[in-house]
Ligand SMILES: *[C@@H]1O[C@H](CO)[C@@H](O)[C@H](O)[C@H]1NC(C)=O
Ligand SMILES: *[C@@H]1O[C@H](CO)[C@@H](O)[C@H](O)[C@H]1NC(C)=O
Ligand SMILES: *[C@@H]1O[C@H](CO)[C@@H](O)[C@H](O)[C@H]1NC(C)=O
Ligand SMILES: *[C@@H]1O[C@H](CO)[C@@H](O)[C@H](O)[C@H]1NC(C)=O
């Protein structure tokens with residue numbers, strides 16, 4: 001009961017919070033800061049940024065020698081102070097440099113930012129620089145969005161000092177930003193000629209969707225720009241924080257890029273997550289940095305394929321890779337020359353990278369009128385992996401073939417059979433299976449398991465292992 005009241009109170013404050021931030025009063029002025037330049041409101045952003053001292057941007061420099069104890073550089077200090085701190089640090093021009101920038105309501109000193117830093121230092125001898133602008137990311141989203149422009153100028157100046165004073169080559173700089181941090185990264189890279197790469201992890205939609213490309217992340221910002229879309233539906237309080245538009249040289253749409261499996265992006269689930277230390281209101285939005293972090297050292301590759309759209313991909317109609325190879329979502333996205341929009345499926349829980357299968361279930365000719373879902377378990381010699389075959393309730397009719405792409409964690413050996421489980425939603429509480437076709441998208445191995453009109457009752461699993469007679 002307590003939780004119901006708390007939920008309602010929190011719900012109200014969330015709504016008020018957003019309506020204030022969306023309507024906002026306009027401040028039609030310009031603010032100038034000594035060495036950062038001037039920042040103005042416009043017809044989309046009605047807020048001026050906070051002062052740099054209030055935003056308090058810090059650059060945290062990590063290397064393998066200072067893996068847990070970064071050199072902290074206060075961005076408001078004079079550049080000569082930056083130089084002194086840099087020369088005392090272990091930053092080295094031989095290494096590639098990763099810049100990690102968080103988004104709204106987030107911070108650089110804990111959580112996914114630290115996990116990503118740790119994964120990189122495990123992978124290789126990098127300079128890792130965390131951009132911590134937590135005080136500027138904390139206020140309402142319109143103010144935080146205005147603050148990104150100050151932070152991006154500070155970051156570009158820091159990149160230039162690294163280039164001139166420490167000899168770092170911009171081509172070896174890779175900026176990774178989540179949400180509002182994606183636009184900080186794009187706008188900073190844009191000001192430093194020859195920046196190698198920007199990775200936008202579900203770039204923020206509010207305000208930025210309406211801004212021109214020179215004010216937000218786009219593919220002109222670096223030599224290579226890769227984008228991951230995980231929460232692309234229209235912005236609506238608890239969901240849709242990310243932009244669906246293709247912005248990069250390569251745009252990845254895991255699971256279609258709108259919602260992520262394993263996430264329920266509604267207010268109740270979000271508040272529950274906040275109260276229990278879960279993903280809060282941003283489950284699908286947060287999947288972008290989770291997938292990226294997993295990709296850094298994972299043996300499993302998030303291989304993706306070109307396709308007209310998600311519906312076509314999900315039906316299993318896009319199997320082929322470009323001649324340059326299927327791009328791998330995440331840290332290795334720059335390893336192929338393929339360009340465009342790419343699709344893939346993931347599992348609903350970590351590890352998210354899975355083996356993708358195109359599965360077709362053909363119903364027998366016994367008349368049936370059912371609506372529900374199928375789960376499928378791939379059976380190996382000694383292990384098995386379960387996945388959702390139907391993402392939503394669907395109709396089951398005689399003679400029909402249902403077709404979907406699923407991802408499950410890799411089996412240790414070959415597939416020996418499949419287990420189907422039907423969950424009735426309405427209509428008949430059983431369906432009749434003629435055969436199940438399974439194709440491994442990577443190896444193109446195709447298997448058919450025969451059902452011979454096997455009846456599947458709701459919530460009873462049936463194994464199919466026979467390879468003959470259908
Ligand atoms: C950063 O430097 C500014 C200007 O010198 C100072 O006002 C501020 O307190 C410093 N911030 C931190 C966190 O040290
Ligand atoms: C299913 O297909 C068979 C063979 O083509 C046909 O005889 C039968 O009428 C079909 N059943 C339904 C319900 O459409
Ligand atoms: C279906 O499979 C998914 C993915 O493994 C699992 O989370 C879910 O609980 C399964 N549903 C049922 C009803 O077994
Ligand atoms: C399954 O287990 C058996 C007995 O331990 C073993 O010999 C076999 O290699 C295993 N198969 C796979 C695919 O791991």
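Yeah, the Cβs are placed from backbone N, Cα and C, and that goes for glycine too.
Sequence annotations record features per position, and here TrEMBL assigns signal peptide to 1-24. If you look up TrEMBL, you'll see 43-352 marked as domain 'Lipase'. The annotation active site, nucleophile is assigned in TrEMBL to 179. The active site, charge relay system annotation in TrEMBL covers 202, 285. Annotated Ca(2+) binding site per TrEMBL: 216, 218, 221, in sequence order.
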Query: Tell me, by DSSP, whether residue 216 (Ca(2+) binding site) is helix, strand or coil?
result: coil
Message: Between C-alpha atoms, which of these recorded positions comes nearest to residue 285 (active site, charge relay system): 202, 216, 221?
response: 202
Query: Across all protein chains in the structure, which of the recorded positions 202, 221 has the highest Cβ count within 10 Å?
result: 202
Task: Whole-number Å only: compute the distance from the Cα of residue 202 (active site, charge relay system) to the Cα of the residue listed as 'active site, nucleophile'.
output: 5
- line: residue 216 (Ca(2+) binding site) sits from residue 179 (active site, nucleophile) (Cα to Cα, rounded, in Å) at a distance of 11
Field: Of 202, 216, 218, 221, 285, recorded positions neighbouring ligand 3, Cβ under 6 A
entry: none
Message: Validating a neighbour-count step here. Other CB atoms within 10 A of the CB of residue 216 (Ca(2+) binding site): how many?
response: 23
Field: Ca(2+) site shell beyond 216, 218, 221, criterion: Cβ within 8 Å of Cβ centroid
entry: 183, 186, 187, 190, 213, 214, 215, 217, 219, 220, 225, 247
